[in-house]
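Asks: A single structure is presented below for examination.
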Amino acid sequence: MDAWEEGLPGKPCFLVQQPRLCWWLSPFFLTCAVYFLLWIPEDQVSWVSALVKCLPVLCLAVSLQAVRGGRGYHTRLQGALLSSAVGDACLIWPEAFLYGVAAFTMAHLLYLWAFGLTPLRPGLLLPVALVSVLYYGLLLLHLPASMIPALAAYSLVLASMLWRGLARGGTVCWGALLFTLSDSVLAWDTFVQPLPHARQVVMTTYYAAQLLITLSAFQSRRLKTT
C-alpha cells in the first residue's frame, strides 16, 4: 500500500494551498468559540452542556469528509474523533467517568492504528516510557482501588499513542503532545490536587490536539469540491 493510501506525511496543503480548508474547519472554530463563551459551569450537568462540549470534535469528524484519498487513514481518525466525543459526553456525568475512560481508550487505539509503526523510531520509546511510569505511578497512588485497572490500561494506551505520534512527526507530533498534556493536567486536578485554571488549560490543549491530529489527514490531500 502506498504512502497516499496510508496517509503518511508529505508536502502540506493547508490553508495557503487549500483555501477551502477554511470553510471545512470553520464549524470547529465556531463551536469552540461557543463552548468558551458559554463556559457552562461543571456542576450544571445536562445534555446541553454535553452537546456544547462535544460539538467541536464532531465538527472535526465531519470535516474529514472533505478529504480525497487516504480513506483508511482518515476513516480511523473519524472513528477516534467520534469515540472522543462519546468520552467528552460521559465525563460530564461523574458516575459515567469510567465509561468516558473506555471511550477515550478506544479513541487512542484508533489513533494508534492510524499512525502505524512506520517509522518505528524505538529510541523515542524509552523517554516516553520513563516519563509515563513516573507520572502515572505517582497518580495511581491517589486513585480509588476500583479505578486503578481502567486508568492503568488507559495510561499504557495513551503513552503508546504519544510514542507513535512523536515518531510520525508533523502536526500529529504536536497533537499527541498536547493530548497527553491535557490528560495529565485533568488527571492531576481531579485526583491529586486542584490546579488554577485547570479547565481552561485542559480544554484548550484538548481541542488544539484534536485539530492538529485532524490536520494530518489534509497533508498531501486534495479537498472535495462538492
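Using the three backbone atoms N, Cα and C, a Cβ is placed for every residue, glycine included.
Please treat TrEMBL annotations as automatic predictions, because they have not gone through curation.
According to TrEMBL:
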type	residues	note
TRANSMEM	21-40	transmembrane segment
TRANSMEM	46-67	transmembrane segment
TRANSMEM	96-114	transmembrane segment
TRANSMEM	134-159	transmembrane segment
TRANSMEM	171-188	transmembrane segment
TRANSMEM	200-218	transmembrane segment
Asks: Take the C-beta pairs under 8 A between the transmembrane segment (134-159) and each of 21-40, 46-67, 96-114, 171-188. Which stretch has the highest count?
Replies: 96-114
Asks: Which sequence positions outside the transmembrane segment (96-114), separated from its termini by at least 6 residues, show Cβ-Cβ distances below 8 Å to it?
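Replies: Same-chain residues near the transmembrane segment (96-114) but 6 or more away: 7, 73, 76-77, 79-81, 83-84, 86-90, 147, 150-151, 153-154, 157-158, 160-161, 164-165, 176, 183, 213.
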Asks: Using Cβ atoms and a strict cutoff of less than 8 Å, what residues sit near the transmembrane segment (200-218) while being 6 or more residues removed from its termini?
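Replies: The answer is 7, 9, 12-14, 18, 21, 25, 28, 32, 35-36, 56-57, 60, 63-64, 66-67, 70, 73-74, 77, 80-81, 84, 111, 165, 168, 170-172, 174-179, 181-182, 185-186, 189.
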